[in-house]
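Going by TrEMBL, these are the annotated features:
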- Ser60, Asp61, Asp62, Asp285, Asp287, Thr288: Mg(2+) binding site (BINDING)
- 423-455: domain 'Tyrosine specific protein phosphatases' (DOMAIN)
- 497-519: region 'Disordered' (REGION)
Amino acid sequence: MHIDLTRDPRIRDRAAGVLTGTACGDALGVPYEFQPRLSDDRTPTMAGGGLGPYAPGEYSDDTQMAVCLAEAALLYGADVDSPQGRDHTAEAWLHWRREGATDIGIQTSSVLHAAQQHAGAPFVSDRMTAAAWKRYTSGVPSAGNGSLMRTAPLALAYLTDREGLAAAADRFSRLTHSDPEAAEACILWCEAIRHAVVHGEFDGLRDAVTLLPDHRRQVWRDRFDEAASHPPASFCSNGWVVHALQAAWSAIIRTLIPAHRPAEGSFRADHFRHALEAAVRAGHDTDTVAAIAGGLLGARWGVSAIPLEWQRIVHGWPGYTVRDLAAQGIGIAFGTDSTGWPAAHHQPRPEDAAIPVHTAHPRDPGLILGNLALADAKPEVDAVVSLCRTGVEDFTGLPGGDHMQVWLVDTPGANAHTPYVLDQAARAVAELRAEGKRVLLHCAAGRSRTPAVAARYGVLRSGIGPGTALTEVCAALHGDDSMINPELVDAVFTLSGTPTPRRSRPPHEQLPLRPSADG
């Protein structure tokens, strides 16, 4: 069942964060897999290497298997737990094992190998489940973390069906891992993700124990308490599903949420980054623990909380980038809207901004300010920073990391982390310019988000005040700040620690900017 897209757009932000967060955790943990714990003063980076060896920002089998499951969920929705949906997933995993697996866990490899002879046959998922059960009943340990690491996409298919999600998480876990503890962990973590997407909080994990049999509930409550009382590295056997969950939960719950002090560079959204770094510092099965944590962190904070420097480089099999992962998450949860977003080839241009417009930034001629219609004009730039929705074929021809998609909705009250995202976007522009790239910065109409981010960039580049920066940018765009979403204006001043001047012009929402078309 799809949730109406007219609901709080922050829910869409959080749905987009689930797979993206999983991939970010995975890629952050890859370089440190099976190494001892990292010291607290060491900051993990997406340096690549690991067991692949992987390129910087490349995710591993954790996200690769989750992507297979996500594709089935995108196709079948809440019917992904039908025989057809499970067969589709099983076939995708078998194909992945043959064609795309860069590494694979022992338990999963053994079960997929046993099921390979049934590829293409009806009920292949039943055969796979039977192979896992045979392995488990023969006494081979089957409570590894391999089913928990890939389970996050299921939550998006059941945002309004708690019990249906629990049943699906159980069955999908048992496709490769028959130990009941692996299934219980998937049930609990999926419900935590579902709750976080819908409600924007972490409380769902403790409440999820009511989905388990009575005699198992206190066992898991005690485990959650243990995780909250000890650092992630305490759970060093994190190849075991219980310790993997505890390490991930410990990293999340024990990492303090930063105070909201934008002028000092402190944002609540940074909890996403800090908690993922804590998960990696636990050592050992770092990519899996961080992938598990990343799914829940992305569900709580949204894709808009993920650092753009990470979003720029995260990628992996089968040729996905952050844009693809975010689109999968939104598509599973909500489907496509009337414009075809997020799967449309081209995002419709606003009727009142259908003509391409562009101008140079007043402080930097290498930064071009414009609108979405410029995608049709094929601008001569080396990189694009998009502040609005774009189609999958808009601005093609650029390397993946040189087209950055920023989640910033041009509607008051629609953004969870406005100052953070505005600052991130401006710093992304600065990074691209420092690389010598000619950059296009645009939104749908070029009247609100573009001047706001361009003003912040002017502050960072030239050290001017936010008022001067806004005045200069608006003059260059032949407009004034009355056309800018007032929350974006507030963010420009807040980031500089300066009170926002009182506005006497008509508010942004009275202007014909059609914000609902490009939120």
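Start at 1 and count along the chain as shown; that gives each residue its number.
Just so you know, glycine gets a Cβ as well, placed from its N, Cα and C.
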Three-state secondary structure of Asp61 (Mg(2+) binding site) from DSSP? helix
Using a 10 Å cut-off on Cβ-Cβ distances across all protein chains shown, tell me which of the binding-site residues (Ser60, Thr288) has the largest neighbour count. Thr288
For a three-state summary based on DSSP, what are the helix, strand and coil counts in the domain 'Tyrosine specific protein phosphatases' (423-455)? 19 helix, 5 strand, 9 coil
According to DSSP, does Thr288 (Mg(2+) binding site) fall in a helix, a strand, or coil? helix
Go through Asp61, Asp62, our binding-site residues, and report the one whose Cβ sees the most other Cβ atoms within 10 Å. Asp62
Which of Asp285, Asp287 has the fewest nearby Cβ atoms, counting only those within 10 Å, among these binding-site residues? Asp285
With a radius of 8 angstroms around the mean position of the C-beta atoms of Ser60, Asp61, Asp62, Asp285, Asp287, Thr288, what other residues of the same chain does the Mg(2+) site pick up? Asp26, Gly29, Val30, Glu33, Thr63, Asp103, Met149, Thr286, Ala291
